[in-house]
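Contents: one structure, followed by commentary.
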Amino acid sequence: MSAAANAEHGAADRVEILPVPGLPEFRPGDDLVGSLAEAAPWLRDGDVLVVTSKVVSKCEGRIVAAPSDPEERDTLRRKLIDDEAVRVLARKGRTLITENAIGLVQAAAGVDGSNVGSTELALLPVDPDRSAATLREGLRERLGVTVGVVITDTMGRAWRTGQTDFAIGASGLTVLQGYAGSRDRHGNELVVTEVAVADEIAAAADLVKGKLTAIPVAVVRGLRLPDDGSTAHRLVRAGEDDLFWLGTAEAIELGRRQAQLLRRSVRRFSAEPVPHDAIEAAVGEALTAPAPHHTRPVRFVWVQDSETRTRLLDRMKEQWRADLTADGLDADAVDRRVARGQILYDAPELVIPFLVPDGAHSYPDDARTAAEHTMFTVAVGAAVQGLLVALAVRDIGSCWIGSTIFAADLVRAELELPDDWEPLGAIAIGYPEQTPQPLGPRDPVPTDELLVRK
């Protein structure tokens, strides 16, 4: 039966939470089903048996011998956390928030030293859903009853202080009740409501089980939850769907590492306008690039007037066409080369970087004068790269085109700029045209022959 067949997970009636007292201190290899059948012969069809994962771990042999010395015990605990975790989401002090092999996100990969001997540590069950199914089938054979089973562990919750019990294993019930398409009593359609029923049961049962009561098992009675074949694994949100895939500090660190790799040359733009404050902010960040002699060797000219842009690009195209024709290229080849500049017409915004020699040192010889000019050119290049990256981290595309370098006098004349301002290309800016798959960070380039060591 599907979850949709059950219109409401709430009982709208009396629900009981019953303790299961008299259970022994479990050890590896103990018969958990037999102990439960003996302690709770009163189980009925439809009951939900809620079992603390520590009990399952003990019976399944997920107990590790540990030193009694606190420091040595903590060292082992941290090694076990590393072994159990597949990734670390966040760190705060010595606390690690991890994901384990079955996708559970919690502190310390579920490695725990509570409710075990002082020379032991407990690991989570390897497959809690399978453990739940085994318990359910065993009780059906021993007592002739059909129950649901939820295996629980204690975790914290995003946005909330404190911990509560969650379902990490389940069998024989609806673990997730969807209400999308249903209507409330006022006729309002429920759009995204989806209730983690198994988690609600886990939390409710903990009101009876507690932490210090020596009651590791409780029974929730009075719910009407059909077995839709789902398990607790369905409650695990995969990393790619998780809005909190990393902790804050880790997300910031990842963003810093990936910022450079987000930049790529975008040649097709959408018509969506780019907010002016975003461009201003990106330029401000770009201007923090290193520069010689504490100077400001770069100016970014933002060509905002459409008539000015068209006139400038038309004149550059005419000169470029004349130069290529003089080189002996045929008309088709000239057209193909000139067409590459169409991006500067089409981009929503156009910014031209200029080298400005303010503060450059003067030298009596050509060699040092040329070196000074090269130094300023490198500084402008650093600022240009900074601008491209600053745009990319805002999801704004860009493409650096070198054409203005070949028409410096023309560019200065059209934009009415001083004679010592040197254009160093042009930057087309805009939001990238939609693609079937969003473009993520690029892979770093192999350094095999490009990083020379001496």
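Even glycines carry a Cβ here, placed using N, Cα and C.
Taking Cβ-Cβ distances under 8 Å and a sequence gap of 6 or more within the same chain, the neighbours of LEU23 (GTP binding site) are SER35, LEU36, ALA39, VAL55, ILE215, PRO216, VAL217. According to Swiss-Prot, the feature GTP binding site maps to LEU23, PRO24, GLU25, PHE26, SER53, LYS58, ASN115.
The divalent metal cation 2 binding site annotation in Swiss-Prot covers THR154, and the record cites sequence analysis as its basis. Secondary structure from DSSP puts THR154 (divalent metal cation 2 binding site) in a beta strand.
If you look up Swiss-Prot, you'll see ASP323 marked as coenzyme F420-(gamma-Glu)n binding site, on the strength of sequence analysis. Around the Cβ of ASP323 (coenzyme F420-(gamma-Glu)n binding site), a 10 Å sphere holds 14 further Cβ atoms from the protein chains shown.
Among the features that Swiss-Prot reports, region 'Coenzyme F420:L-glutamate ligase' is placed at 1-247.
Annotation source Swiss-Prot lists region 'Dehydro-coenzyme F420-0 reductase' at 248-454.
Residues annotated as region 'Disordered' in Swiss-Prot: 432-454.
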Same chain only, sequence gap of 6 or more: which residues have a CB within under 8 Å of the CB of PHE26 (GTP binding site)? LEU32, SER35, VAL55, LYS58, CYS59
Could you tell me the C-alpha distance between GLU25 (GTP binding site) and THR154 (divalent metal cation 2 binding site) in angstrom, no decimals? 20
One finds that other Cβ atoms within 10 Å of the Cβ of LYS58 (GTP binding site) number exactly 24
GTP binding residues LEU23, PRO24, GLU25, PHE26, SER53, LYS58, ASN115: largest Cα-Cα distance, in Å and rounded to whole number: 15
Pairwise Cα distance for SER53 (GTP binding site)/THR154 (divalent metal cation 2 binding site) [Å, integer]: 9
Rounded distance in angstrom between the Cα atoms of PRO24 (GTP binding site) and ASP323 (coenzyme F420-(gamma-Glu)n binding site): 93
In whole Å, how far does the CA atom of ASP323 (coenzyme F420-(gamma-Glu)n binding site) lie from that of ASN115 (GTP binding site)? 84
Using DSSP reduced to three states, classify PRO24 (GTP binding site) as helix, strand or coil. coil
